[in-house]
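To start, the structure itself, in C-alpha cells.
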C-alpha cells in the first residue's frame, strides 16, 4: 500500500508498531483499544472478537478489531497467558483539544514475566529471569515485578541454568548473550519459554549495589534494563538485588521436586496432593508465597532451621494465643502487591483502604506476639513496624466507602481538606436550595405536579406537562420542548446551578489532586512496607506449620553430625493425609553412621516408592524448619537430594526412559557428596535385563566406594542383594508380605534382609489379567527360576579385578531350545566400568545393544 494513501492516524499507528514488532499493539481510540493488520487477525481468533476493516470500500481494506478500554484487562490477560507481549498505546492529550492527529505513545509493554495487573489475581510469584554468560560461567538474575523481589547468582553450566529456571516456574527469559542454537531450542521447545534479548545494562547503584559479583551485576543490570524498557516508569518498589548461591539451600533439581510432589501433584499438575497443599494453612497471600519458597528451598544452615523450629514450638505451646494470631492475620491484605501498585501509579482508593486496614491489624498482631513472652519472637517483633503515621494518614484521608475509581469523587473524607469541604457544602446546600425553589414555584404557580429534574444536556429544569402550560409563570423561560411536556428554567435556578456545577467541577479536580498527593506520600513508605510484609509473611508461615504439626501429630526433628538417620514410625506426610491416619502403615528408617546404602527389594505396589519418598519428604520438611510425621526424627543436615523415580520417556526432547535414567543418575553421581541423599527407584529397567543389572551394580558400587552418600536403591534385580556380602556399607531391606492359602497380602512394612520373591504375577492378578494368562506366566516363572545369576563378590575395584555377571543355565526350557552365548557378553565382561564415567558406561552399553 502506497504511503500517500494511508491516513495520518494509520501512519501514526505504523510508526509506533514498527518499534514493537513482537507485540500486539493496543492502540487507544476513544473508548476502545484498536488492533490493525496481522495483530487484528490473530487477536480476533485468539480472543474470539469480531474482525472488521477500517476502510471497507478500499481495494485493500485494513483488518481491524477492538476491545472496550474499560474491560481491556481481561483480553490482555488472555494474550499474555498464551505467551504474547502486549504494547499499550494511550492518547496523551484530550482529543477535544488536539490539533490534527491525537498524540499517542506506548506507555507500557506487558509481557508474561512483567504482569502486575490482572483480572485474575494470583497469589503466586511471577518471576522474570535473565541469563548472561562470561567464559564458561553463567549469571542468572530473577525478579517478581509485582512484589519487587530481586535476586542474582552464578551457575556452573547450562543444565543448572535450566534447572533453576524450571524451579522458578518462569515463563519469560531475558537473554544477555548470544545463545547457542541448541540451547535456544531447549529454552523455547522444551521449557516453553518466551525469549527476549537485552544487551544493554541499566546502571542503578541503589538496586545493583556492590555485593554482587561482576557477572551477577551484569545480568541483574540487563534484567533491570528490560523491566524499565517495558514498564516505562520509575519503579520505587523494586528491592536491592540480593546475592544468593544454590549451595545455601538444599539442592534439588526440578525433576526431583516434581517426583516428590513438593509444590504440585506431578500427575495432575494441581496443588491438591502436594506437600504445599498439606502444609498450607496460611491466611495471607504473602504467607502463601513465602511457604512455597520455604518448601522449594529448604535450609542447610542448622542454626537457621532451629530458629524456625523454636518459634513453631512457641506457637504449639500457646494454643489460644495462636488461635487469636491466626484470626488477626485474616485481616491482612497483600502488602507487597499493594506497594507495587502504588509504585506503578495504579493504586486506587480501594487499594489504600486495604492498606489502611492491614496497618490497623499490625498493632493487634504485635500485641498477640508480645503476649507469648518468648525471646524466640524478639526478631520478628522488631520487624513488625506498624507505621502509625501512615495508617493515620490513610484513615483520615480516604473515605471507607470510596469507589474503586479515582474520577467519580467520594474518595476523600469530610474534614480532611478545608477547601474541599467548602465545595461540598455549596453542593449540599445547593441541593437544599433547589428543593426550596421547587416548593416555592409549585405553590406560586398552582402547578401541583411541578418538579425540578436534571440531565447533562439541559442541566436543572422545571418539568411541566402540556396540560399545565397555561399556568407557567412569566419569569420561566423555555429550555426544551418534548411531545407531552416542556422544560423551563429561571434566573434563580440558573444561578444556583452555576454555583453547584462550579463547585462540583472544582471539587472533583481538587479531590483527584488530594488523592494523588496522598498516594505520593504512601510511596515514601514502600521500603518499610516491604519489610513489614516479610515479617508478617514469616509469622503466617510459622503459624501455618504449627497448625499442621498439631493437627497431624508431627514431631520436632533433631539433627546430628554423625551421618545417622533414625526415623521411628515415620509416615509419608501426603499419602497419610490422602489415605487417612487409620489406614496408613508407618515405617521406621535407620541408617547408622556406617550404613550408606539401603538396597530395597520387594513386590511392585508394595510400598517401596512410598518408603523412599517418605525419607526425602521428611528431609525437606525438617530442613525447611517444619515438624515431621513420625514418633521421633534424628537426621543429618543434607546438602542435596538426587532422585530417579518414575519411568516416563521425555517425548519432547526425544529421550528414552533409559537415557533419562542414565542422565539423572549421572547428575547424582557427579554432584553428590557424602552429605547428600540419593533416591533411585528401579534404576536400569529402561534397558535389557543384563544391561540394566550391570549398570545398577556398577552404580551401587560407585556410590558405595567413591561417593559415600546416603542412598536408597530400590530394585527388581534380586540378584543384587548378594552385594551385601562384599559392600560393607550396604544393607538389604525388603517389603514384608504374608502368604496364606495361595493368597498374598502386601504388609507395606519394611523389614531387614532381602526379598525372596517379586510377586509380579500376583500384582498382575490384582490388575485383572485373564486366569489362563496368569497360569501360563506361573509355569514360565517356574522354569526361569531354574536359572541363577551369580554376581561375583568384589574385594577391590580395579581393571584387573572386577565383578562380572555370569549366567549359568541349570535347566533348558522350551523358550530357548538352541541357547548359545552371544559374543557381546564377553565384550560386556571386558568393560572396565570402574574406571569409566557413568556417561561412558551408558555409551558403551548403547554400542553393545547395536550389536545384539
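Placed from the backbone N, Cα and C atoms, the Cβ positions cover glycine too.
Summarising the annotation, Swiss-Prot assigns ATP binding site to 602, 603, 604, 605, 606, 607, 608, 609 and lists sequence analysis as the type of evidence. Under the three-state DSSP scheme, residue 608 (ATP binding site) falls in the helix class. Cβ-based neighbour count (10 Å, all protein chains) for residue 608 (ATP binding site) stands at 25.
Cβ neighbour count within 10 Å across all protein chains ranks 602 highest among the binding-site residues 602, 603, 607. Of all the Cβ atoms in the protein chains shown, 20 others lie within 10 Å of the Cβ of residue 609 (ATP binding site).
Shown are the binding-site residues 604, 606; the one with the most C-beta atoms within 10 angstroms of its own C-beta is 606. Other residues of the same chain near the ATP site, with their Cβ within 8 Å of the Cβ centroid of 602, 603, 604, 605, 606, 607, 608, 609, are 735, 746.
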